[in-house]
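A.B. asks: The following block contains the structure, expressed as structure tokens.
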Amino acid sequence: MSLLQEVWQAVKAIGTGMATVHKRVYEDAPTEFYPYVKPDLPPVSVQSLALVENEDGSERCIVCLQCERACPAQVITIERHRNPEGKGFLIDRFDIDLVNCMYCAACVEACPVSSIVTIQDFEMSTYDLQTLKADIDFLHEQARRARQWYSPKFGVELRTEDGRIEKAPPEMQPGGLAELLKPAEEVDS
Amino acid sequence: MSLTAFYALAAFTLVFALFAVTTANMVRAAFSLAVTFFLIAGLYLLLGSPALAAVQFMVNASAIPIMTLFIIMMTQSRRSAAPRSWQVGVGFLAAAVALVFFRSAVVHGEGRVAPVSPEALGTNLLQAALLPFEVASVLLLLAMVGAIVLARRRAG
Amino acid sequence: MNPIPIPEDRHFRPRLLGYDPQKSRPWLERLVYSAYVFVFWLIVIGTYAGVPALFEALGWNAGWGFVLMRALQVVLLFLLSAVIALLLILVLRKYLGKVQERYGPMHYGPAGGIQTVFDALKLLAKEDFVPAAADVLTFRLAPAVTFVASFAMFAVVPFASGWVLADTNVGLIYLIAVSTLSAYGVLLGGVSSGNKWALIGALRAGAQMVSYEIPLALVFLTVAVWAGSLSLGRIVDAQLGLWNVLPLALSFVLYVIASLAELKHIPFDFPEAESELIAGYNVEYSGMSFAFFFLAEFVELFLLPALIVVFFFGGWHGPLFGLEPGSLAAGALESLYFTVKTAVWVWIFLWIRATLPRYRDDQLMEFAWKAMIPLALFGLVLAAYLRLIWR
């Protein structure tokens with residue numbers, strides 16, 4: 001009797017499995033047709049780096065060397081000189097070696113003016129590695145091409161409804177007003 | 001035409017049989033033995049007995065060489081000593097005798113041997129030849145039991 | 001989707017021929033399969049009706065002319081097996097893709113329809129490599145033996161009434177012999193490769209195929225007892241009133257299981273278990289030799305379901321709509337019925353393949369010797385008893 005029960009259970013299990021498989025045939029495949037359709041990436045995804053200019057085309061980077069210091073792989077090389085006409089510095093050279101870069105985005109975290117950003121363009125395959133030794137023109141070009149889809153820096157910038165990137169209000173920034181106003185016990189825990 | 005076919009079959013049978021007894025590689029020997037049996041099934045077909053040919057094909061040309069291959073694989077004995085010259089001679093002689101025998105059977109028996117249908121074969125086996133049939137099956141059963149007993153004793 | 005267009009200059013992008021990824025077009029796939037089946041049907045008609053008619057018109061239907069006719073039919077059947085392999089590999093990949101929520105091949109031809117042709121061309125162009133440890137003669141022979149063993153089954157499979165190469169009265173014994181033979185090529189290939197994975201695969205294949213040979217042969221015998229003949233044509237004729245699947249239901253289930261094992265098909269694919277043995281007995285093969293192993297596998301994947309249809313589902317039987325039996329049109333219609341029934345069974349085999357996981361090796365052998373063979377014997381006795389009391 002138990003043998004018959006076992007056989008019946010086995011038959012039932014196989015039948016259930018085959019029915020399930022048959023249902024799967026009519027479901028749509030979630031495959032993304034990558035080369036023909038650009039995939040939907042998450043809003044913050046580190047695929048490549050770019051250097052953003054201001055809206056009026058002037059340089060946003062203040063050449064503070066924070067990114068160079070933060071870089072664990074030491075692929076950022078910056079040379080600067082003091083601005084003779086005002087305060088601050090001017091860029092002589094801003095190179096990122098995208099071959100050796102490990103895309104940790106530590107430079108993006110370190111940047112105080114959100115000049116260096118991550119973008120979603122991952123199609124960087126090339127026959128010549130030298131093309132990936134990015135200079136400042138390359139990085140600007142990347143940012144111009146990716147203007148509408150580069151990642152806003154979390155907590156500092158916001159993407160508005162119409163797609164522009166704006167500075168986040170102070171209460172949303174980490175270490176900003178909101179954090180100061182938090183109750184003391186919450187900060188302790 | 002059937003004589004041409006007979007000569008072609010017989011020639012290939014001889015070639016493969018010779019290869020089976022002369023090669024030192026046992027896998028090749030087993031395989032060419034199977035081909036030999038297969039070609040002999042063709043000879044049976046020429047003799048007007050498709051049932052016998054099919055049984056020869058099934059038992060001697062498929063099942064037995066598979067077992068032989070199994071034994072070769074299990075025991076890892078891929079190579080044997082090269083056959084001595086008198087063995088080759090005896091084998092050749094036996095093949096020649098079989099050739100003459102089959103040729104005479106084909107030449108003299110063509111058109112005279114009625115094709116044996118499987119129904120007639122089965123009826124004969126279970127009526128006229130029942131005793132030898134049963135004796136043979138008991139013998140096979142004994143051989144099987146003996147093999148199992150031997151294998152068990154070795155394992156224990 | 002992102003609003004930025006992908007720059008066209010930076011990367012090579014292949015074109016999608018005849019497939020729009022945004023909208024699914026299942027009718028295109030069905031059209032491709034139908035085209036293959038149509039070619040299959042045409043070749044069947046040509047083999048079994050066209051060639052004999054041609055030779056009769058030429059007056060060559062005796063002596064060597066008859067031999068020539070048979071040779072031509074065999075060549076056509078080789079073409080047929082190539083079409084079968086191309087179609088079945090395509091269907092297998094598409095179907096498994098759908099089950100696994102992928103698309104399968106779709107870049108070459110309408111809905112990927114000629115992908116397998118390109119695969120075959122690739123295999124033709126590849127180097128046929130012989131490893132240093134291999135026994136060259138046996139290594140070369142093994143794919144041929146495997147293919148011939150599968151291909152030889154065509155000789156007795158009837159596609160329609162009278163459409164068979166050899167309607168011999170020992171057809172079933174021949175089938176048992178040939179299906180045993182197909183274990184040969186696998187064994188030889190595995191042993192001669194000089195590779196331990198191949199050897200293990202060959203040992204498993206030999207043990208499995210020889211074991212499942214016995215229930216398969218017993219089911220053949222059951223069918224023969226029920227029909228009262230060893231000829232496949234007469235077995236089909238005997239099912240005119242009632243298909244064998246009803247009175248011989250037990251043997252039918254056993255036949256399906258045993259033929260899955262005989263095919264080395266999932267869930268019994270131990271000889272080529274990819275996760276354990278890389279590819280088993282054919283691991284050292286490449287190029288055309290490998291293609292012949294593949295061809296043999298897919299020809300068997302057609303022939304064993306075809307035998308299910310012959311034994312249990314009335315072969316070519318179907319409504320003839322007043323066509324005169326024995327005429328060309330009736331034969332064509334009957335072979336279409338046969339093809340469609342076989343296609344359904346091939347699909348069920350693929351369905352099983354898509355569903356079940358692999359068994360364990362000792363479970364497989366235990367199942368063969370402790371369940372399949374006693375049940376097959378019981379089915380044989382039952383069929384004999386039923387035949388005595390019914391007819």
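From the backbone N, Cα and C atoms, a Cβ is placed for every residue, glycine too.
No curator has checked TrEMBL annotations; they are predicted automatically.
For reference, TrEMBL lists these features for the protein:
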TRANSMEM  C:31-51  transmembrane segment
TRANSMEM  C:71-92  transmembrane segment
TRANSMEM  C:144-166  transmembrane segment
TRANSMEM  C:172-193  transmembrane segment
TRANSMEM  C:214-236  transmembrane segment
TRANSMEM  C:242-261  transmembrane segment
TRANSMEM  C:290-316  transmembrane segment
TRANSMEM  C:336-356  transmembrane segment
TRANSMEM  C:368-390  transmembrane segment
A.B. asks: How about the transmembrane segment (C:214-236) with the transmembrane segment (C:290-316) - do they touch, taking at least 3 C-beta pairs under 8 Å (6 or more apart in sequence) as contact?
C.D. replies: yes
A.B. asks: Quick check: do the transmembrane segment (C:336-356) and the transmembrane segment (C:368-390) share at least 3 Cβ pairs under 8 Å, counting only pairs 6+ apart in sequence?
C.D. replies: no
A.B. asks: With Cβ-Cβ distances below 8 Å as the criterion, list the same-chain residues six or more beyond the ends of the transmembrane segment (C:31-51) that contact it, or say none.
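C.D. replies: Tertiary neighbours of the transmembrane segment (C:31-51) are 69, 72-73, 76-77, 79-80, 83-84, 86-87, 90-91, 109-113, 159-160, 162-164, 328, 331-332, 335-336, 339, 343.
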A.B. asks: If we skip the immediate neighbours and take only residues 6+ beyond the ends of the transmembrane segment (C:144-166), which ones have a Cβ under 8 Å from one of its Cβ atoms?
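C.D. replies: Sequence-distant neighbours of the transmembrane segment (C:144-166): 44, 48-49, 70, 73-74, 77-78, 80-81, 174-175, 178-179, 181-182, 184-186, 188-189, 232-233, 236-237, 292-293, 295-297, 299-300, 303, 306-307, 310, 315-316, 325-326, 330-332, 334-335, 338-339.
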A.B. asks: Could you tell me what the rest of the chain brings near the transmembrane segment (C:290-316), counting residues at least six beyond its ends with Cβ under 8 Å?
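C.D. replies: Long-range Cβ neighbours of the transmembrane segment (C:290-316): 81-82, 84-85, 88-89, 120, 123-124, 143-144, 146-147, 149-151, 153-154, 157-161, 163, 175, 182, 185, 189, 219-220, 223, 232, 235-236, 239-240, 243-245, 248, 252, 255-256, 259, 262-265, 282, 334-335, 337-338, 341-342, 345-346, 348-349.
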